[in-house]
């Protein structure tokens, strides 16, 4: 079935940057077929977008969707104390828990205009159907698009590592026909994943033609630890192991040095900024403008709900547009237009889908959101790009389409039974709380 | 008419901090009469608050409501360049423009749960009715509560200053019977308001038994200028002129020194943090935790839409809970509970209404908002206070009551014709744009 979005504005990106034009958008199957004024509806569903802006769905370049259960669970704590507390909860999570937690994440992401996310999760589905299908199954059932990695830590040849790696690879096989799902590897971090494992995962990426995502230079403690153990920075250390020889999304990079930045630019590493998480855990501010100046592909993530505590990319864009100005005392740095690119085009590039995602263009995949401009925070509408970044809440997203399929219509979720998800998640959280209490 | 809020949770504040209890809230006239379980409805309107949290309406301790017209108008510019650009637009604004701009601000504030704000505006109403009644008339027509100051600059005895001061005083007289309106003086800043004027306004505060609000230590340029002209900090300079001898809300205080902090604590000055504005203009981060440690009454403002660009205090709370952690690299600093106090109790204290506003308590004024907890960003509901600060968007506010009067019901504004406000504001902005273009 085709869909025609009529009477709205469309957010386009060209050589001169962002523009808003009065255009209709015709979706045929899962792709955008036409963007033009006054397209006549023929044999298609018409969405009246009067007073709305059609724009590319946002891409969350770094999150842990299963951590919705950690939301508002361990707040106002130092980084490594926090990590200890959240890991206790994780220990008790099953595949089913991850499935429901990821569906809860999908509810929040769809409602705030995210259509695609890069996930680092803790279970790999070994079944394709039902709640045991973990994050992959939840994404498939939600209708969203995602790039899923299994977070892996430890050494390469332990029994546990061999098992988890095998599960991750088997999951890729099981879901290989799901066109909205991609898989990459997810070595957790240089301090948690030993050298041999980082090398094994990189080798596996090469064999499978996939990329990987890793936490890098997130905290001062990590910097000090890697300096002591390896005499260099985390970024230069993993580069020395060949990690950057495949496409990489490096999350955080708060403490990237000038040499690290030069190196990441040279190797084509994408950096996923997570400003809210970095502040909440007391880690500080990444050198975002330096990344941009070096030509690095900078994208934007929310991190998990344990350290944010939301998955709202509009809120993350807002914060990203502000904190780097604050940290550098330069009001001109990291502009609204830059931030909007991070959450759209650059996210698409980071997952190897440049031109197909993160833009509204003829031939691109139909991941489209409609934003209701008829709210006071957008009035009197001096500049729409500024409005999206500086003034929007995320709740202005009225309609969400992924791969041509309607996932939210006038703020009603179509693909997910939200009440059922809330009910399941509340019950699971009660059980997890009891299990954690018992252990303490 | 009395109102009974039934079946919801209520956010209370006691010696042990914030708690959420299952309680009904009975409003009689403009005050809260009872907070208790299972109150029987008798001769009153019943609001079913199932799945909702009743909490005190938020108090915005520093804004310029008329600056909605400056929203997304001068972005990504250095502080004094920005000030030049916004002032050109201001030059063309009439009383009517201020009226509509302030009503637009009221739409956004009510929709995001703010029930009271401290305004520094640019016109004083010399008529009580119709659009010429400026900010005061707009607030009265919106049903909100506000503390209004006329921003004043220059020297005390110029013809212009004498006229503006006279207008400000006359406005206080004209609106003295409006119980939701308070008036204070608004000397703009130590660099824009000369010593004799600061002294005259302080004297006028004493005579009238009112307070004043002033921008202090907002930028490095201000610090350098006051150091050069007066050999001290802006805070110590205005204290030397007696400014702190009356109740003061000092906005920003980004560059407050330890001695400034000691002094403000001693003099009982309230500090209004404006973290988003401070970042957006490249001014940096205030020493918020030091203010709290010194026992200063710290409240929270959005500043005007020219430097934010929204009036959403939920978003401001979120940012306030994050940036000071980022700037100090201390995840334990400025907790969610602290921030929620800033936007409620502390705001009330700053305007001399401690115990009457900013709390839900028997005998307090009935400024109540209902927050819909049945949204994914609050699930699985581990901690409601954290949820309000770290996860809420502002759009979860379902119902708003001020002084016992319903201003928003299920997200429909009751007191304001929003479509009319949007239409007027768009037309005025077109005229202002044309006037600015003509001058350039």
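Note: Cβ is positioned from N, Cα and C throughout, glycine not excepted.
What TrEMBL says about this one:
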BINDING   B:62, B:64, B:215, B:303  Zn(2+) binding site
BINDING   B:90, B:150, B:188, B:218, B:303  substrate binding site
DOMAIN    B:54-406  domain 'Amidohydrolase-related'
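Using CA atoms as reference points, the binding-site residues B:62, B:64, B:215, B:303 were checked against residue B:188 (substrate binding site), and the closest is B:215. A simple Cβ count within 10 Å picks out one of the binding-site residues B:90, B:218, B:303 as the most packed, and that one is B:303. Distance between Cα atoms for residue B:303 (Zn(2+) binding site) and residue B:150 (substrate binding site): 15 Å, as a whole number. Long-range neighbours of residue B:150 (substrate binding site) (same chain, six or more residues apart, CB within less than 8 Å of its CB): B:120, B:121, B:122, B:123, B:124, B:164, B:167, B:168, B:171, B:185, B:186.
The residues near the Zn(2+) site, meaning same-chain residues not in B:62, B:64, B:215, B:303 whose C-beta sits within 8 angstroms of the mean position of the site's C-beta atoms, are B:63, B:120, B:251, B:252, B:272, B:274, B:277, B:301, B:304, in sequence order. In sequence order, B:119, B:120, B:121, B:122, B:151, B:303, B:304, B:305, B:306 make up the list of same-chain residues 6 or more apart from residue B:64 (Zn(2+) binding site) whose Cβ falls under 8 Å from its Cβ.
All chains included, 26 other C-beta atoms sit within 10 angstroms of the C-beta of residue B:215 (Zn(2+) binding site).
Counted within 10 Å of its Cβ, the other Cβ atoms near residue B:62 (Zn(2+) binding site) come to 27, all protein chains included. Packing around residue B:188 (substrate binding site) is summarised by its Cβ count: 19 other Cβ atoms lie within 10 angstroms of its Cβ, all protein chains included.
In this structure the C-alpha atoms belonging to residue B:218 (substrate binding site) and residue B:62 (Zn(2+) binding site) are separated by 13 Å.
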